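Here is what TrEMBL says about this protein:
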COILED    43-96  coiled coil
COILED    125-159  coiled coil
DOMAIN    7-176  domain 'Autophagy-related protein 16'
REPEAT    275-311  repeat 'WD'
REPEAT    316-358  repeat 'WD'
REPEAT    359-399  repeat 'WD'
REPEAT    498-527  repeat 'WD'
REPEAT    529-562  repeat 'WD'
Amino acid sequence: MEWKQKIYRQLQERNKQERDVYAEIVKHYNRLIENYSTLLIRCTDQERDILALRQENSDLQKNSVSLGSLPVNDKIRTLEHDYMKAKDEILTLLRERGDMTKEVISLSRIVKERDEKLYAEENKNQTLTKENTAVKQRLESAEDKLNALQRVNETIHDEFQALQLAYTQMEERQKESDATVAVLRREMTAKIEKKCDAYDQEVIAHDKKLEEDIKKKLDEARNDIMVTTQLKLSSSAVSFKSASMDGKIHLTPAIDSIKVIVPTKAIVKWDCGDNELHAIQFHPSGSLIASGGSDRKIHIWEFNSSNYHVQQVYTLAGNNSTVTAIDFDNENANLILGCSEDFACRVWGLTDQRLRHTLTGHGAKVFCAKFVTATLIASGSQDRTLKLWDLQNRQCVRTLFAGSKCHDLVAHDASGSLISGHFDKKIRFWDARNDSTKCELQLQAAVTSLSINREKQLLLACSRDDTLKLIELRENRVIQTYSHEDFKVASDTVKAVLSPDCKYACAGGSDGSVFIWNIATGKIERVLNKEHSTIINAVAWHPEGRFIASCEKQRRAIIWGE
């Protein structure tokens, strides 16, 4: 509180100085008043004496007139001399009185000015005193707040130290947990690889035995079938080695037999799985349908195109999160590929429903995966990379760094040339000879899906600007854009497809409608609605071109036909 005492001493000093100046003036003023009073009394006495002398002089004059030539006595002379002297003194006193009056007036003016200044200083002093009191109150309030804040700060500091100590302990436990998890992961990986090796050996043995049995049965059947039947069968369909659980043989339709028909109505409706649906795909034969979603399973359904009946034949398990995409092996048609949000891709055999390969290496969700050949797989992920996997060696052979998360991809040729669609609105064309892009095509919005025709000449891209674009792959340019006022792309993974003969394009909208465009005219061919109730995530065209399968987010799947 030293500063308060200092201010108080300064105020006392200034007050003393101001009062001393006024005290001297008041002292002089009082002395002048006393002098003035004394002179006034003397002037009054002198005036009285003058009046008496005048009266006496008048009497003497009268006596002198009456006496005539009598000589003037000494008394008259003395009185005249006194009179003149008194007169001079009166004049002197009058002049002194005038000077004193002027001095009194001047001193009165000075006193008045000093009084006004003293009054102003007193008002200023009162104002400063009030301000000082207010400042003292605010200072006391601030000191109270400061003390409270210091106590709060001490409490927070104590809590911070406690939290920092707890965080340090948790960090140490986290490091221990990470080390334990790393050890467990290595052990689990070793066990899984060991089991996979055992499963692979079993699968190889099983496949070898199955091939021998099939070959034996085919040799026996060939001896019993007529030559004309063999020729007719070979011209209409190609047989492949895949068989479902009931032992039926599925045939892949020949290219010459494809006749695409634009569906007009829903012919089959059913619920797939227990949760959301994200992917649906026809088997190359058209007799099987695969669906996958958030129940972490791939469901295989048998589709009878003659009586429009769908029946589940088996379920493929092994994923640890949502299934995002499905693809079939188009060469031998005996493998199925599924990718998941658990950062992995998996391959199952259709003949024994066993998990053949688990491909791990991505650092985020895997949005798409496709067969390039029967032994080569390409995948795209949210971690902004594409990977090529060799199934024979069960390892990643190439990693392509795109710089943006990949929503879909297609294989341009069997050598490993890929085309990928990304969140940054670009379609990238990758060179099979190195890990760089040959060129990039910029669209107006994020690319959600890609579909390529059988001749690898045309590419259909779906994007978030609610349009489909047809791209000519010789010059890598957009030649047609398809849209509709009701068609809205509400997800980054909505799938659009080309028909087998590349005459139509199909995609699902956010309102549950299926839109079909004519590739040549660019106009809408048909809108299939009033069947789905929520957003359609994926559509698939039947290999023969007669049906379209669609799946909505809420489990419902529909096959459309005539």
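All residue numbers here begin at 1 and follow the chain in the order shown.
Note: Cβ is positioned from N, Cα and C throughout, glycine not excepted.
Source: prediction; values computed, not measured.
Below 8 angstroms of C-beta separation, residues 258-260, 262-264, 451-455, 458, 460, 462, 468, 470, 480-482, 484, 486-490, 533-539, 541-545, 548, 550, 552, 560 of the same chain, each at least six residues beyond the ends of the repeat 'WD' (498-527), sit close to that stretch. Shown for the repeat 'WD' (316-358): DSSP residue counts in helix, strand and coil, namely 0 helix, 23 strand, 20 coil. Within the model, the repeat 'WD' (359-399) shows a mean pLDDT value of 93, rounded to a whole number. The repeat 'WD' (529-562): residue composition by secondary structure is 0 helix, 17 strand, 17 coil, according to DSSP.
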